[in-house]
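Asker: This structure is in structure tokens; I'll ask about it shortly.
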């Protein structure tokens, strides 16, 4: 593992250079990184452009002032990515196949911005989502075609480096990775972000080693899983832990029998309300009341409060709404009230958030876009449904899928792009 990183040390130093320029050179980073991306394009280094984008998206989620540059840098990088899409080599596959099922949704999303009180912000968010779904899939297809093993290996390694760095800082500079002085968040912005990252990276790594077992030794696989689970446990995010558990359970069942796996996982979701209703008793009987922070369940960690506000405004814009960023506009009006009730953050539910932004019509079209790409990937491997089951829980307790420029949505796009491409499954010559 170390040898592979050292072999690519110049490329990893490039990513480190971007971070250092952003941390210490101020606005210069908004010039240096886009220009460097164009230089990498000339060298055909598409892999490091993609990995660099994922790294910057990860750092943009951090609350640390030293990484504040990443918030604006990711926007500049996405604009460059739009240009790169126009000039990158295209294979025989339709380069916009991934985004096509989303076109009806984006029509609604853009039209909804007419008369919106946050039309400019909403337009920016809509464009960034279009760029993500347009640019990332063909770039993944390009890398699978020309440097698959190298792409998959270093995709995993960047995630490992992020997690290992967080764990190391937990012991050498704990204040840097402890959220609110209490809970571990790693390099992410909060423990819930750490939970989502852990869930998505578990899915990504499990898929890679299942179809390309030769990329990592047994000890390396054990080490990587240990790092992931240690990060999840230290973060203590209920959503992250349960989403990961659902993914692993679904993966185990679907590998043995797809139909039985679907039946069992569906039964789990049907019984979800029973589990939630008795969650306190179950956790208490296991002696895990403190770990799962049962004292916060009465108000759902403040989420029930904001959900009531969200539902109130959904009634006012039931079928159609005012586009991306409208939910932020509404919730900002209740900021003082939320602080009094001890709530921080957003709606913490992707379904409600998108409903507030795009109305029920937009929400349904948004779901159809994602479901279509899951079905395409399932034609090659039904194991993609394990990601689906974990995802359903994750987006029901967090709003991350509504946003494009975070370190989580891009991983989902990469996973579906890989599993929907036959080049991902072909074995190496001689295997």
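Note: Cβ is positioned from N, Cα and C throughout, glycine not excepted.
No curator has checked TrEMBL annotations; they are predicted automatically.
The transmembrane segment annotation in TrEMBL covers 12-33, 45-60, 66-86, 98-120, 126-144, 151-173, 193-211, 223-252, 258-277, 352-371, 383-401, 408-425. Per TrEMBL, domain 'O-antigen ligase-related' is recorded for 225-367.
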Asker: Restricting to the domain 'O-antigen ligase-related' (225-367), report the mean pLDDT as a whole number.
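Answerer: A mean pLDDT of 80 is what the predicted model shows over the domain 'O-antigen ligase-related' (225-367).
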Asker: Restricting to CB pairs under 8 Å, which listed stretch, 12-33, 193-211, 352-371, 408-425, is in contact most with the transmembrane segment (98-120)?
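Answerer: Going through each listed stretch, the top one turns out to be 352-371.
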Asker: Is the number of Cβ-Cβ pairs under 8 Å between the transmembrane segment (151-173) and the transmembrane segment (223-252) three or more, considering only pairs separated by 6 or more positions?
Answerer: yes
Asker: Decide whether the stretches the transmembrane segment (223-252) and the transmembrane segment (383-401) have at least 3 CB pairs under 8 angstroms, with pairs required to be 6 or more apart in sequence.
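Answerer: Between the transmembrane segment (383-401) and the transmembrane segment (223-252), which are separate recorded stretches, there is contact, as judged by 3 or more close Cβ pairs.
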Asker: For the transmembrane segment (126-144), which stretch among 12-33, 193-211, 383-401, 408-425 has the most Cβ pairs under 8 A?
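Answerer: Most contacts with the transmembrane segment (126-144): 408-425.
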